[in-house]
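Everything on this sheet refers to the single structure shown next.
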Amino acid sequence: MNALAPQAESEAVVSLSAACKFYGSFAALKDVSLDLRRGEVHMLLGENGAGKSTLVSLLTGVNRLDGGDRFVRGRPAPDLRPSDARAAGIDAVLQDFSLAPALSVAENFGLGREPLRGGLLDHGALHRRTRAALDRLGLHLDPETRVETLSRAEQQLLEIARALDGVPGVLILDEPTAALSHDESERLFRIVDRLRAEGWAILYISHRMEEIRRLGDVVTILRDGRQTGHYRLSEVTNERMIADMVGREMDHFYPQSPHRPGPVLLETRDLRAGPVKGVSIRVRAGEVVGLGGLVGCGKAEVARAVFGLLPTESGRIVLDGQEIADPSPAGLLSRGLVYLPQDRRGEALALGRSIAENMQIEVLADPGYTRVGIVRAGRLRDLTAQLMQRLGIAPAVPGLAVGSLSGGNQQKVVLGRALSRARRVFIFDEPTAGVDVGARLDFYRQLERLVAEGAAVLLITSDLQELVHLAHRAYVMHEGHLVADLPKASLNEKTVVAHAFGDQTHQGNTQ
Amino acid sequence: MTEAKSSRMNSGHSRGAAGSLVDGVMRFGALPIILAICLVVFQLGNDRFLSPMNLTNMSQQMVFLLLIALGQMIVLVSGGFDLSVGAVVALTSVVSAKAMVAVMALFPENDALAIAAGFGTALAVGLVCGLINGIGVAVLKVNAFIVTLATASIFKGVTLVISQGLQVPGLPRTFVYQIGSGRILGLPTSLVMALPVVALVWLAMHHMRLGRYLYAIGSNLRSAVVAGVQVNRQLLAAYVICGTITAFSGWLLTARVSSGEPLLGGEFPLNSIAAAVIGGCSLRGGEGRVPGVILGVIFITVLANGMDLLRIGSNYQMIALGVVLVGAVVLDRYRAARAVR
């Protein structure tokens with residue numbers, strides 16, 4: 001399975017052979033082999049916890065190898081340290097950037113390798129080098145700009161520029177498009193294409209099939225620390241890759257729930273709030289209504305305004321036939337509407353507290369769960385056990401701190417809280433961002449069940465496939481305005497993208 | 001419970017005796033060990049340390065800090081601070097003493113009435129002070145550090161204006177002799193009076209909605225809002241409870257010192273935060289339990305008393321307390337770093 005014919009392929013810059021990494025008796029990685037070759041984009045696919053980060057840490061010398069061999073440019077490198085890796089041209093751009101926000105672009109770029117002249121910093125040389133490196137990536141920034149004022153995409157490019165500065169070798173990108181808009185992702189793809197042409201070896205971690213297809217030459221798939229697949233992308237189907245990743249065949253990736261719309265449960269009429277400039281939508285019982293558009297088009301703010309997190313300037317919000325005059329989270333939650341924010345760690349979870357506490361926090365407002373002010377621990381415990389089972393939270397330990405869970409499980413905890421009380425309307429904002437494929441499928445199943453039970457669902461998503469496949473109909477926003485209301489028949493990626501870019505000429509790149 | 005579980009998760013990585021010691025420290029904190037060492041050292045240094053008389057003495061000394069540290073804990077859990085506790089103690093002392101003296105003048109024979117008036121006045125003072133702090137933090141959304149630093153100055157100023165910097169003597173005899181230095185079943189009266197409050201705080205923080213909400217708010221305020229917690233109301237409650245408990249403590253302390261004292265309580269802001277943090281509260285909010293804080297208070301009391309018996313001067317004691325506090329904060333950060341991993 002591991003053996004790709006090595007002949008006729010370019011030289012490997014870094015290789016692992018039967019690499020193992022143990023934490024105590026737990027094998028984070030076992031017998032994994034891969035070669036990162038010059039001029040090749042190597043995709044790495046696996047659920048959260050499959051061992052991707054461990055693999056990266058072995059390639060960059062952050063972790064010691066507990067078994068197997070490591071080669072750098074053909075030479076054995078059993079004791080590679082991070083500084084050695086950097087000297088050999090192996091650099092990683094991880095999801096948590098290593099930039100100092102209060103320093104300037106140039107200072108960050110040169111951190112640790114400042115050009116000197118007579119023992120003093122040579123600012124002129126540093127600026128010239130920074131500007132040249134950024135220009136190469138098509139990013140035209142003043143080197144004096146403070147990093148905290150840059151967008152996430154710009155910060156990422158700065159990280160990449162820093163990684164590219166020095167010996168050409170290996171560039172490792174960990175889910176680089178996770179927080180990028182469509183345009184920004186395209187720019188990144190072009191950069192990856194160019195680096196490949198320049199002979200860089202690239203390891204690219206991604207959950208997104210379209211991206212894997214668009215960029216990859218070869219793909220390695222990990223599951224539970226084992227290598228379950230290794231293919232040339234031209235010779236493998238998506239179904240095969242997903243099956244290797246989750247360990248079972250997938251009949252239907254996106255569930256197809258029947259569209260049986262009931263009465264209108266949620267309605268906005270000419271809603272104006274912040275970037276939202278007059279939006280009217282309707283969501284009926286028993287349907288999933290998509291809300292798409294580019295990042296920053298105001299789709300997320302529609303939900304925040306409805307939920308009372310963003311002050312409404314004008315317009316009306318109607319829930320189940322009743323106008324909500326003064327929306328507030330507490331009020332809406334008790335009336336059967338729940339909003340699950342995009343920023344789970346920042347806005348939906350108390351990371352230091354337990355699964356149980358996070359799931360129970362909302363239901364405490366329900367008089368059935370307290371008696372003369374005392375929390376009814378037994379009832380709460382039963383409810384928590386029931387929700388954990390329904391959602392399939394993997395280590396079924398209610399006392400575990402939420403911060404220690406994977407993205408998928410964290411999402412299940414938020415969903416558990418949302419399901420702790422009777423609900424009729426759900427608003428999901430980017431529900432599958434940052435969760436692995438297995439957890440994503442679990443979420444789709446839950447969504448299917450909710451709709452079958454007659455819930456009204458507003459699904460806000462930047463994932464085109466998700467929007468097209470899950471929604472029964474979809475709205476598209478552009479610069480704060482609703483520009484399309486697409487029934488299932490005309491709901492396809494091309495149309496959505498065209499509307500999202502605000503033009504009808506299908507100029508937008510839809511892949 | 002949360003910490004216990006997560007440290008059990010980590011225990012797979014660290015092996016051996018050193019590892020299991022680290023795990024034990026993670027689970028229960030280093031406090032029991034350090035406390036045991038202190039007890040041994042102080043007993044060796046002065047064999048009167050563990051005598052029944054000194055133990056009763058310590059239990060009398062710790063009552064005031066115990067109450068204030070529990071109030072401080074409530075605010076710390078919510079993600080805030082209360083630096084005004086010392087000023088509230090002084091204000092309570094002066095105002096409640098004046099009230100008692102006034103009632104005494106009207107009904108000279110009725111100590112009980114005067115004591116009741118003093119008690120009611122004290123709680124009212126605490127409630128108002130807590131409400132002011134709470135409004136600053138919850139409604140005006142000013143940083144708790146700044147709010148309570150400012151109100152500390154205000155309360156202190158009001159105290160000095162009311163008292164003109166003078167003690168308020170002439171308190172009811174029953175108040176001074178029964179509550180201030182009396183005994184019930186061999187225990188100091190003030191300790192007996194404080195115990196129901198300790199039980200109530202424990203109940204509120206660990207078995208009532210308020211506690212659940214405060215831990216959620218302190219851990220992540222934004223997620224508490226999204227989960228429908230009415231954050232303002234809960235924060236207001238936290239500061240009001242802290243202020244009221246502190247005032248109760250100030251009233252008991254007034255009985256102990258037998259007069260209204262405008263300069264009372266200056267050590268409480270530092271000592272209460274120290275006791276709470278040593279007892280497991282996090283300065284980042286969302287952490288800390290009542291039993292831990294009680295242990296923290298016992299530790300600080302033992303430290304002060306033990307050093308007294310070893311004839312270590314109060315100047316050196318201040319240095320020692322500062323060192324202990326820094327140690328506790330470092331331990332707290334280490335614990336947080338391990339828990340996050």
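Cβ coordinates are placed from backbone N, Cα and C, and glycine is handled just like the others.
Among the features that TrEMBL reports, transmembrane segment is placed at B:21-42 (among others).
Summarising the annotation, TrEMBL assigns transmembrane segment to B:62-81 (among others).
Look at TrEMBL and you will find B:88-107 (among others) tagged as transmembrane segment.
Here the transmembrane segment (B:113-132) has Cβ contacts under 8 Å with residues 84, 87-88, 91-92, 95-97, 99-104, 107, 151, 155, 171-172, 174-175, 179, 236, 239-248, 250-251, 254 of the same chain, all six or more residues outside its ends. Per TrEMBL, transmembrane segment is recorded for B:113-132 (among others).
Within the same chain, residues 75, 79-84, 86-88, 90-91, 94-95, 98, 129, 132-133, 136-137, 260, 262, 269 sit at least 6 positions outside the transmembrane segment (B:144-164) and bring their C-beta atoms closer than 8 Å to a C-beta of that stretch. Taken from TrEMBL, the feature transmembrane segment covers B:144-164 (among others).
What TrEMBL records for B:184-205 (among others) is transmembrane segment.
The annotation transmembrane segment is assigned in TrEMBL to B:236-257 (among others).
Within its own chain, the transmembrane segment (B:263-283) has Cβ neighbours under 8 Å at 29, 31, 64-65, 68-69, 71-73, 76-77, 81-90, 93, 152, 246, 250, 253-254, 257, 289, 292-297, 299-300, 321, 324-325, 328-329, 332, 336, counting only residues six or more beyond its boundaries. Under the heading transmembrane segment, TrEMBL lists B:263-283 (among others).
A Cβ distance under 8 Å defines the sequence-distant neighbours of the transmembrane segment (B:290-310), meaning residues of its chain 6+ beyond its ends; these are 29, 31-32, 34-35, 38-39, 41-42, 45-46, 48-49, 54, 57-58, 61-62, 65-66, 69-70, 73, 198, 201-202, 205-206, 271, 274-281, 316-317, 320-321, 324. Taken from TrEMBL, the feature transmembrane segment covers B:290-310 (among others).
Taken from TrEMBL, the feature transmembrane segment covers B:316-334 (among others).
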Report, as numbers and ranges, which residues of the same chain sit near the transmembrane segment (B:62-81): CB under 8 Å and 6 or more residues beyond its ends. 89, 137, 144-145, 148, 188, 190-191, 194, 197-198, 201, 204-205, 211, 214-215, 217-219, 221, 234-235, 238-239, 241-246, 248-249, 252-253, 256, 268, 271-273, 275-277, 279, 281-288, 290, 293-294, 296-298, 300-301
What parts of the chain pack near the transmembrane segment (B:184-205), using Cβ distances under 8 Å and only residues at least 6 beyond its ends? 56, 59-60, 63-64, 66-67, 70-71, 73-74, 77, 178, 211, 214, 241, 245, 248-249, 252, 255-256, 289-291, 294
